[in-house]
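Feature list (source: TrEMBL):
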DOMAIN    41-290  domain 'G-protein coupled receptors family 1 profile'
TRANSMEM  26-49  transmembrane segment
TRANSMEM  61-82  transmembrane segment
TRANSMEM  102-120  transmembrane segment
TRANSMEM  140-164  transmembrane segment
TRANSMEM  184-216  transmembrane segment
TRANSMEM  237-259  transmembrane segment
TRANSMEM  271-290  transmembrane segment
Amino acid sequence: MKPKNSTGISEFLLLGLSEDPELQPLLFGLFLSTYLITVCGNLFIILAVSSDPHLHIPMYFFLSNLSLADIGFVSTTVPKMLVNIQKQSKSIAYEACLTQGYFYSLFANLDNMFLTVMAYDRFVAICHPLHYTVIISHRLCGLLIFVSFLISLLFSQVHILMVSQLTFCTDVEVPGFFCDPLQLFYLACSNTVIINILVYCTGAIFAGIPVFGIIFSYVRIISSILRVSSSGGRYKAFSTCGSHLSVVCLFYGTGIGVYLSSAVLSSAKKVAVASVVYTLVTPMLNPYIYSLRNKDIKRALQRLLRRAA
């Protein structure tokens, strides 16, 4: 294939999950219902936190921001996929692909940052309970959210700038149903050695540091819980961070699985299926993990539904 300058590429082809025409209506209904469940579940969390004065504390403030990021995360990828299934089309314009990749990186990293902030919040609550209200002030909460958003903007901007410098070939086929910037690196015709080094370096900084922060927080949390003498006290302390730990394991477990599968598996379809779990299933399960394991959220949701009825 003859290489072209990246500005000469008019569109990419999103291969999706299946080319079987008989499966398209099933896939459309499945992904539409999953998308609606995800958006509604996260919206309920945001409405419950904002409407209940008892939930106007840092832990739930961070949770509502995580839910907002999850809505943006799925809204970046799923609507375009639904449109393509409905139109029986695979194409996405070059500019639209880069825009989708930009917002995908932005919201994915926002999830990463918010999970780190929530881990820090639980660390202070369990390891320094007497100083919690002094340390986790309203000013610090706003600052942490602002810094998380700023870092995510920088991360996504760096990724897309590197993608925009690549030279692609004609008829570029993207495995999966959305434009993942890392997948675009693999499709380039130009020499990507330097860019790959930059990708790994930025990934180590923007993803590695938050992961280290979460691990450090939970090491300190677990050591503090083990020092509690009563089993009831240990259970109460661990229950305050159990939902967050479940979401962390789900988010990083599926994320690592997706990028390992893209490196190991030769089948584009298997990689696409793995990416569905990361981009759709994880944001869908997050609000239900928190609501099912949290009595305060459940009571707030019940009061919200009674007022709506």
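Cβ coordinates come from backbone N, Cα and C, glycine included.
All TrEMBL annotations are machine predictions without curation.
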Other parts of the chain folded back onto the transmembrane segment (184-216), taken as Cβ under 8 Å at six or more residues beyond its ends: 1, 3, 97, 101, 109, 112-113, 115-116, 119-120, 151, 154-155, 158-159, 162-163, 165-169, 172-174, 248, 252, 262
The transmembrane segment (140-164) in contact with the transmembrane segment (26-49), cutoff 8 A, at least 3 CB pairs, sep 6+: no
Non-local residues, at least 6 beyond the ends, that sit with Cβ under 8 Å of the transmembrane segment (102-120): 59, 62-63, 65-66, 69-70, 72-73, 76-77, 144-145, 147-149, 151-153, 155-157, 159-160, 178-181, 206-207, 210-211, 213-214, 217-218, 241, 244, 247-248, 251, 255
